């Protein structure tokens, strides 16, 4: 254990990691409770085919199905992967129990990401003739026009609260919420711990927060695209890890590891370092939301316009007309932020933007890690060896939680990691209690989004 602590910079750094883990797990617990609370209180995205009580029940069923899905995928991966490793591949690469567990973990994630990508592609490309949200993020803030076509919405509230979406979109968010809650639980309690354990845990917590907020405030257009960007690029990195565990490298492995690595560099750079930061965050959220919601003539901006004496002091040039000028490049986002750091017409602007930027910073860190792996491969090191040294490494802080090992600190008292596992298990019980409380007779109920409008 001391060796593992020194590897992470000493005992002080190890304690910091433990405290960071406990805080992230606590955030996860609060998210679970918050999601149940908002659903049971009627905070549903526009067009949801379920009432609040039914939505809570559906989430609970989806959670049970998610955990069953994980167990089935792991069992199938263990059986099929074991047969493949022993009978077909050289040197039985999955004979080490720890490698087999990693293979199981990555296989169920591969199946999940593939399934979600297919559903997201159906929404974006097939349903109702397809939607241009991915190709043109400005359409995040355009609503259907009577007689066909779309236009920029005249009010922020209309885009956020009133634009209904198909049942398939609501199904996507239900499944994604359950899947990410289950993924976070599995990440802490069951999966093998890699060097990026804490950053991955933070990634899960941020993602659950984004799913929760985007659905509650009806930002489902943005949410669908963000989910697709992540799931589509995750398929390739899942394949990279699976082929690496199977040691399908070099001529004997048809260079599958090397091919997956190069493909991953390309898809990661395109989806996570271009589409997400440039098209989605910068153009679609930071620029387009403010251009529409604070445009001249938009309801809600009257008081500000009267206070400054003009409608053209917040980045929109003289002569700007929303229907015809939207997206023509004349809008000055920096002037808008200086004049209106925050406004009721752009709720959740800073929260959503900051959470997405945090995700993007993580993507850059991971990409640099992948480039370093490639550098070592170019110097002749085997891909499996490089991956073990740079990414897999030893288990996080020398502990394997959720498997009954090192549950105390050596003095008979529980370790902070074991507390995290306990908190996660407690969270599942909390979810059940929250669901039960949602059905107590005479419970108080906040007005729904539709009622507030």
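From the backbone N, Cα and C atoms, a Cβ is placed for every residue, glycine too.
Here is what TrEMBL says about this protein:
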- 22-46: transmembrane segment (TRANSMEM)
- 58-77: transmembrane segment (TRANSMEM)
- 101-379: domain 'TLC' (DOMAIN)
- 107-124: transmembrane segment (TRANSMEM)
- 168-190: transmembrane segment (TRANSMEM)
- 197-215: transmembrane segment (TRANSMEM)
- 254-275: transmembrane segment (TRANSMEM)
- 348-369: transmembrane segment (TRANSMEM)
- 419-440: transmembrane segment (TRANSMEM)
The recorded stretch from 58-77, 107-124, 168-190, 197-215 sharing the largest number of CB pairs under 8 A with the transmembrane segment (22-46) is 197-215
The recorded stretch from 107-124, 197-215, 348-369 sharing the largest number of CB pairs under 8 A with the transmembrane segment (168-190) is 197-215
Averaged over the domain 'TLC' (101-379), what pLDDT does the predicted model reach?
87
